[in-house]
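The next block holds one structure in the form of structure tokens; read it before the comments.
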Amino acid sequence: MLLSLTHPSFLAMLPMLLMSNLLQWEGVTSASIHHIEDDYGEAYLKDLFDQAIKLSNDTMALTIEMRMIFFSDGFSSNMFRKIVLDFLKDHKHMIETLNSCHTFSLSVPETLEEARKISLEDFLKIIVSILNSWNKPLYHLETELHCMKGAPDAILIRANAIRTLNRELLETILMILSRVHPGMEENTDYPLWTDLASLQATNKERQFFALYKLFYCLRVDTFTVDHYLKYLMCMLYSDDICTSVKFYEDP
């Protein structure tokens, strides 16, 4: 990841990155962008980015909706509120939990200068790693929710939709990457999710805690991917999206 969206320096750095987009990627990256435009068609590549951003927006919106349902539906609201209250009583436990998302193991640049050195190809690889890392969690999420007594249709339908959107977004990013770097093999090295045992636990508190953490981490990563895509779109095309991107911390 460029930087975790929960990291303060990420929030401070990205607006500067967007404002200085015309000064960035002037060397190798600018050459690669012109190569893409000449050989593959700028319009088609932009269409792929537009499609990716739409899929990303839909995924983020559904994730927010689903998290809100978990807090409001009788199926899960009491458990989720208890988790929040327990966090308020034990800040150390809260920080440890919310900093243990499986994708947080990805390397990140620490400075603006390091971020400027990230190529278009490497940004796309980061997005692929994030999306790949969610394939198994989203599969098991949908499976386990169907086995949980009282899980409402509103949650089940959205779980399926998010999994489908994640797969479609991954396919779209791979199409973009194949045009940026033709013939490149897909990287299968991505962060592994290790909370399956907790999600399948017979102890309800443990199981719902796994659900809470999963949706917190999913919320962070859908936000991350969405902003990376808008950042790349701004870098490549300098269009209206540069002024439409907003940065804020997950509530």
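Including glycine, each Cβ sits where the backbone N, Cα and C put it.
Straight from Swiss-Prot, the features:
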type     : residues      : note
SIGNAL   : 1-30          : signal peptide
CARBOHYD : Asn57         : N-linked glycosylation site
DISULFID : Cys101-Cys217 : disulfide bond
DISULFID : Cys234-Cys242 : disulfide bond
Worksheet item: Relative to the Cβ of Cys101 (disulfide bond), which residues of the same chain, six or more apart in sequence, are found under 8 Å away?
Response: Lys213, Tyr216, Cys217, Val220, Asp221
Worksheet item: What count of other C-beta atoms do you get within 10 angstroms of the C-beta of Cys234 (disulfide bond), across all chains shown?
Response: 21
Worksheet item: Does anything in the same chain, at least 6 positions from the residue listed as 'N-linked glycosylation site', have a Cβ under 8 Å from its Cβ, and if so what?
Response: Asp226
Practice prompt. Provide the number of Cβ atoms within 10 Å of the Cβ of Cys217 (disulfide bond), excluding the reference atom itself.
Written response: 22
